[in-house]
């Protein structure tokens, strides 16, 4: 039998899709890239914004038209968690709904009709941390915590993924060793507040924090690089930043989700920090790691965001000069504090602000790309580049998170670390050639 999975949203969803495939493989399901041939179609959903939810029902309609007569459609993930049985009412072609914290129950629901499994067990002793068989990969996703205890006014994630619990370190290290033995060179650690690791376990464990975990993972033979997402700026204290800077296996790229450059808006968002505090953390980080790559999230048009508030955001953009920007217009979500507010920034104003923000960021990327020419980076080979069935090079990421396209005549295998020199750029993209390998 064949299964097709459509994955929306974040890296956590990608990891959950891997888990779904692993569970289904025990029932002799094989993954297919063609939904028309599938016996089971799964849509793993995102609910951070309204747009992916609208897309969900469009996707369901399309799959219902092209699927095999007896094929089933299942909806999984965060939208499944908060909409539950309402999905079955709105889309009768859906056979079952499986919440974000119920992935391991896939084998129990695929043979049922109109099944709904979305409840989260909030008894901490009942949490089970099951790892699963994964395909051999150069880069592997690894959960280190589940859920979120933050109360950001705009965010539905605490409702859909439940309380924040850290996975015991010994289980994480055991899984990381298995991945390394299976060929993994780079780990991507996952958690809703990944750098708050160790704040709460499901039972008694030795006191450890995120930096302790990074140090232990770095000792595993075969693991060359470690990345993580998504951290919270509040937990980027001096101690963490210093250990981040010193650990040679921890990639010198970091996600620092700003959300807004206005202290007033940040207070309304319940983020727990100010514009000045955020800039202080960036300044400290750059003092320790001058070449660090920084990515961020920014929401424009949050309720009551004024022109001055937006200008504060633009000011932070200019000062930090982020390497990657994920930016969106505010989207009201159910089960959130801000979702109940009546105040709204007009869509045309929000759209104008978003366009200005994104256009300026594109200019910043081009300015930064010019400065990269002549610099060297060590790239982890991810994919080979081919032209007319001939290998012409490879592509991969630097330690600082830069995606680089490399031209070379020698054959380079995925997983190799290769020194390259940047020779040109185009629209923020970096091109390189091998150097002294």
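Glycine residues also receive a Cβ, built from the backbone N, Cα and C atoms like all the rest.
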| Listed in Swiss-Prot for the [4Fe-4S] cluster 1 site shared with 10, 46, one of 76, 78 | 78
| message | Using DSSP, what is the helix/strand/coil residue split across the domain 'TRAM' (370-436)? | response | 3 helix, 42 strand, 22 coil
| request: Between residue 152 ([4Fe-4S] cluster 2 binding site) and residue 46 ([4Fe-4S] cluster 1 binding site), find the distance joining the two CA atoms and give it rounded to the nearest Å. | output: 17
| request: List, in sequence order, the residues of the same chain other than 10, 46, 78 whose Cβ lies within 8 Å of the centroid of the Cβ atoms of the recorded [4Fe-4S] cluster 1 site. | output: 8, 9, 12, 13, 45, 47, 48, 52, 77, 79, 100, 157, 160
| task | Would you please pick out, from the binding-site residues 10, 148, the one with the fewest other Cβ atoms within 10 Å of its Cβ? | result | 10
| query | What is the one among the binding-site residues 78, 155 whose Cβ has the most other Cβ atoms less than or equal to 10 Å away? | reply | 78
